[in-house]
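Features of the protein shown, as given by Swiss-Prot:
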type	residues	note
BINDING	90, 108, 109, 110, 111, 112, 509	ATP binding site
REGION	535-565	region 'Disordered'
């Protein structure tokens, strides 16, 4: 009703951008005739104008003013360098991002290209722009691919990758535009705030940030904080014993009601992801361990047993983690990717290692941490893009103060979303998925099946193998991850079948008929690998499509394949081209050396050759011509295949379970029907799926009994669909509340973190260190007076002996101070007198130390302040964690846990800062440098 009265707010926003789009089109005609150098000259002119404006506040209005011309310049550069012209809707997307909003753009609408517009505009200030992606591969791809536009226009482009050294990172952060992943940015921020010297700091001040797949980073990952930790020794045998106890205990069939324990040793609440021992379970565990009390502070066991039970019940192998090279490696539940190097905290990872009988690694202690929510709020202007933001609009608005604008698609969507099919049992569902896949495959259409775990993808793989259907498997198993882009490059070919966990949803578009450009690059990689790459480099050859054994990994020939050629390539190359490639390989060996490159170096050179940017290097030129030649031959076949696939109905996407979030379902659907292509989607569900089991409740159980249908009969019911959507909304609200709680609690830490980090940065910059330490001393003297002097008592009753004794403890240089000297002074006079004494003593100390070596006093000041900040902050983080754990129980006493946490946390913080000041003063006066030996 409101929409009818007031009009659609989104449409109103879009209308506002229309005149600017017209301005850009007019400017385009003026800019098109410019030479490359003249086009680059525009960048220099913009930069000069902004440099004269000075502060960021003065630059903002100028940025808005030059936006139409800057966007027209980028549009022209895109045409010249990439052969891609920004559509009008992409210009609108760029404006939405420049204003610091979230642009919702459907899959295949060219979000990556949109980001070039606001990145270029905001980089002109010289303050740096960060473009954030979800993984290293996408960051590298975007920096290489879109970076060409920026480099062509005279801006520098940086890239941050996981294994870079600090000096490389600093160089890349100092570029005008830096591509990085969210985790690298966050960890660099934390490491910078642990640096012992300003030369170790790699980032500069934040200015503007564009996040690709913003929902994945700001929402899906918002529950897990970034943590840098140090190792703590804990007895390993405790984890092993706890795992044995957990295995011997029996799970209760139901949860406790009205405080009465169910039958069994422990209960599992899957919704809250928690395990709790019953009274019977406590008794059994204590008996097995031979202890009187699991909670004994001298020999605590409760924590180990709880973690072991969680490892047994809630952390499932090949779903939550995989075992690789003797280690338990986490699998990201949203993307399905493995996260090597990341570990669950609080002893949980060790419990999983004990369960799997792996070597148990040391437990860790938090040295620094921050949530993504608070990290990204450090940027003065933040923007993001995604295909699916509207479902989380409220959260973006409330947590990040980010508006969402839906950008219209360039072409009308032609995708058909077919009704869900729900089966009574899981086995029936998987049979139906395999049958539909086989049916669509026979019609010559490509199929993408999305699964929720490694285990499920392998189950479907074996079902398809039974029907002898060739397919590719894409999941977090290491042998498949390497081939992700190769598999996706051919997922749109006629009759191709691809099974993927959630990981395949991001970054690489599925092109109908296959991606001839990428296949040409792979062909060159295959030809050159053996000749140019070091033999010990572990490289995997491209993966062909003909795979039909269980797991999709044998080379058995498929019976009915609409394919030419035996490999992943659309057709064999002509003899002439084959010979030309052989000659190219020989020429490159002469130029670059026999097997002298790494795989990554070779791939980077092929990627550079595949770009359109001008190059002087003759070898890159030759590579470029070879790629074009191979692509030309493939194109003929791919174009025919594309029209066959279009006529057959395009890509069909099958979902095999509703995800907890509607957004992830929409991302999977969005793989089909990109840019107006034909396509279709369908979800297959069973009443045993996690979502329905955990959140669907009794209503669905009732339905199961009501439907007296055959196993293989699908159920389609409006009531069931509503139940499903209700369950998803319930889950989304539940997780939103958790994220909100994480945010509210971390907000308390955030204010403290900012105070500590800004104090630390002041010290690193070496600004007025002496003044800072004297300030600490003056406050300490004031605190000593307040501790030993009661203004309500007459001065003759003040305990001046103890007061003077305490002052001498801190400042041994005042050993001649006596109570008589301070007799008769009022409270404020006493403070002023002692502060004056402190300043004199400090000058004396400085004189002594500077005699040893000039500048030593400043070094000592910096060392002691940093040492105290780091040690006490680390202890404070642990204390705050413990407070957070215990404060929850106060809800039972009718107190708000968050308010209790804020108040006590604030008191603890003040105490920490007081201790830091006192320890620094004490250390500075006690500092006795050794005289250098001659």
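Using the three backbone atoms N, Cα and C, a Cβ is placed for every residue, glycine included.
Annotated features, which come from Swiss-Prot, shown on the structure.
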residue: 90; record: ATP binding site; Cβ contacts under 8 Å, 6 or more apart: 109, 110, 113, 114, 117, 410
residue: 108; record: ATP binding site; Cβ contacts under 8 Å, 6 or more apart: 509, 670, 674, 675, 677
residue: 111; record: ATP binding site; Cβ contacts under 8 Å, 6 or more apart: 93, 103, 105, 212, 385, 386, 387
residue: 112; record: ATP binding site; Cβ contacts under 8 Å, 6 or more apart: 142, 145, 146, 212
Practice task
Would you list, in sequence order, the residues of this chain other than 90, 108, 109, 110, 111, 112, 509 that have their CB within 8 A of the centroid of the site's CB atoms, where the site is the one recorded for ATP?
Solution key: 105, 107, 113, 114
Completion exercise
One residue among the binding-site residues 109, 509 has the fewest other C-beta atoms within 10 A of its C-beta, namely 509
Handout entry: Where the record names 90, 108, 109, 110, 111, 112, 509 as binding ATP, the maximum Cα to Cα distance in Å
Key = 17
Practice task
Starting from the Cβ of residue 110 (ATP binding site), draw a 10 Å sphere and report how many other Cβ atoms land inside it.
Solution key: 19
Exercise for the section: Would you mind pulling the DSSP three-state label for residue 108 (ATP binding site)? Expected result: coil
